[in-house]
């Protein structure tokens, strides 16, 4: 923000620079190719070792608030998933906000997924074992793509979805996890709203009103309360600094600028039951010290209420972004490694 105010560069440009990742050398166990699927840049990781049959296929959508992130940023994570689970991994470089607003990122992920599903034999992938996976904003995109494909009969059905501390709604930024972890790195409460607004409309105007909840009409808030409510959060997650908040006054002109927040392709937690009950087996990872924790918990409940099998892994000592930091510039975060290994173990069970 200092650099932006002095006119040197925007905070988004600087953020992308520090998050860009570095090029890694060749991996002796993997064949890695940069390709395009339906004009969407992707990086494909294929184990070199011989296989007894077709492998699992994983579509990976990176995190970064729809604003940051690249193929290089998640290179270590994708290599690890491919090596350890013996799977073909396709990392998708979707278009970023604010230059490319919603639904650009969602459309890129959907198009890349559909292309992959139509050409599985080229990569030695089992049509019955294709998984979508993503962390943070990538978890949002994975959930949205999974919902879109749930009722389709034109291509192989997804075997599973893996949602790693996903952001799944923008109606309520005052859920218990938002109150408890509002100042906890790597994702502050204000930044969560900031990123959602940049993705939706390319700017963060009315961020304070969105944080306070003035952007949702009372009747709509009542409609979605059955899915987005502190009442649906288990009591053990409310013991740290949670207080009931007074409803704020609705501001119609703010709603007009953000009403697409109610679209499930942007906020998958709001999908109808008729869609949710068709979803594949799911894995959800949440972190205790994460503003998005309750999004994961609420979606877990929705899936289970609709008869979808859910494997849930909770990092009691984890914070947002921990997976991508499991081995970062010489630093090691054991909880990040545990979380990543829990994903690998789930993959091996499919």
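Cβ atoms are placed via backbone N, Cα and C, with glycine included.
Small disclaimer: the values here were computed from a predicted structure and weren't measured.
Listed in TrEMBL:
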- 58-205: domain 'Alpha/beta hydrolase fold-3' (DOMAIN)
- 136: active site (ACT_SITE)
- 249-323: domain 'Alpha/beta hydrolase fold-3' (DOMAIN)
- 290: active site (ACT_SITE)
- 320: active site (ACT_SITE)
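Ranking the active-site residues 136, 320 by how many Cβ atoms sit within 10 Å of each one's Cβ puts 136 at the top. The Cβ neighbour count for residue 290 (active site), using a 10 Å radius and every protein chain shown, is 26. Between the CA atoms of residue 136 (active site) and residue 320 (active site) there is a gap of 8 Å.
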